[in-house]
Amino acid sequence: MQIRCLLLLILLVSAISCSPRRGIRVVAVNKDGLFPDRVQSSLESALKWFENAVLVHDSFSDYVVDYVGKFVPGYQNPFAGRVTIQTPNKAFSLEILSDEFKTFFEYSDVVVFIRAKPFGCGSQPQAFGGSMRPKSPRLRASIPKLAFMEYCYNEVSDTFSYFDLFRHEILHSLGYGVFEPHDSSMSVKEEKYQWKNEDGTESTATRHFFNTNQPALDEVKKYFGCDNDILKGVESDEGGMHLNEYIFQNELMTPTLAEKNYFSYISAAILENIYTGNEQWYNVNRTFIGPEADAYNFGKGFGCSWLLNSCYEFLEERKNEKVPRPAPFCLEDSVQKCFKKSENELIAFSCELRDSGAADNNIPRPLNTKYNVPSTRYCPIYPNYFEKSKYELVDCQHHK
C-alpha cells in the first residue's frame, strides 16, 4: 500500500520548487473514462499549463474525500467504481472508494470532476465549469478543492482549441468570475451611457463591470492606453463571469472562444484578486505567461474612446491614423472581404450579415444601418473574425 501511494505522489508531481510558492496541483477525474486522444491530450496540456502558470502556498486543507460522495453531481453516493485520473503528466485509473484515491485527493489542490453535460449541447465543442463552494467559513477561506466540469461529447473537431476550452473552464473552477474577490474597489456594478449609431442617432446602452480590484483596472488602462479616471471598471458580460466579448475579443476569458485565445495580464490580475480570508490564494507566474500575454494584441493602444464610446465615435477619431480601421473592422471601400484558405479556396466575410439576438450592451437595432449583427453591437466589424484570422485577408473580387 505504501509503495502504491508513493507512486501516486510521483505521478502527481512533475516539478519541484524551492520557492515559497509552488505550482498548483489541478487534476481531473472522469467517471466516463478517457476522452478521444486529441481532447485528452489537450486536457493534460491544460493541467500542465496551470502547474506552471499558477503558484500557491503549501497549506493544510479541511476538505475530506467523503465530500465527493456527498456533494459532487454525478459522483454522489451510491456511485462506486473506477474513475480515470488525469494529472499534468499522466493518466491512470483508480477505484473511487480506495485508499489510493483518498491519497490522491488529499494531495491535490483542486480536483475537477467531469461528467457528461445532461442538456443544452449543440453541435459545437462546449463545456461548463465551476466550483462547489461550501457554506462553512473555514472551508471558504481556503482554495476551493471541489470543482466540476460538464462536457458535451460531440464529434471531435480537427481545428477547435480544446486546450483553450479546458483552460477557460478550469479558471472558472478556481473562482474566476464566480467568487466574490477579497478586496473589491469597484463599487459600480453597471452604468448607463449613450451609444451613437451610424446615422447619428443615439441609444441608451449599459455596460457591466467585473467585481474586481484596482490592479485589474490598472492593467486595462495600461493595455488600451487609457489613463482616465472616468473609466469605472473592467467591462464584463452581463453575468459578470467573463471579460466582455466586444471589448476584449480573443482574450481567453471572453464568452466565445476563437481558434486562438490569449491569457492576458488583465485576467492574471483578476485571478490574483480571487480569495477570501487573510492570505492570497493564487499568484500568477508572469515569467511563464509572458510570451502569451505579450502576444495578445487586439485593441492594444485603442485608447479611452474604444472603452467609453461607440464604435462610430471611435472610428471617427481614427480617421487620420495610419491604420484608421484596424482588424477586425471592415474597410470602408469594401464591406465584403475574403480569407484566403488556399490558392483555390476563399472564405467570404461580410459586415452586412443579418443575425438574431440582442446586443450585449442592450442597444436596440438601429433603423438606418447596413450593419445588422448584434454580437458586434451593429458595428462595421467582421463577425467571428478571429476564428479565421490565421488566413490572409484579401479582396474577394481580385482572387476569383
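Placement of Cβ uses the backbone N, Cα and C atoms for every residue, glycine included.
TrEMBL labels come from automatic prediction, so no person has curated them.
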Further Zn(2+) ligand in TrEMBL, beside His168, His172, within candidate set His208, His242: His242
Three-state secondary structure, which DSSP defines for His242 (Zn(2+) binding site): coil
Any further residue of that chain within 8 Å (Cβ to the Cβ centroid of His168, His172, His242) of the recorded Zn(2+) site: Gly129, Glu169, Leu171, Tyr176, Gly177, Met241, Leu252, Met253, Pro255
Inter-residue Cα distance where the pair is Glu169 (active site) and His242 (Zn(2+) binding site), in Å: 11
Proximal but sequence-remote residues of the same chain as His172 (Zn(2+) binding site) (Cβ under 8 Å, at least 6 apart): Gly129, Gly130, Ser131, Val178, Met241
Sequence-distant neighbours of Glu169 (active site) in its chain (C-beta under 8 A, six or more apart): Ala127, Phe128, Gly129, Met149
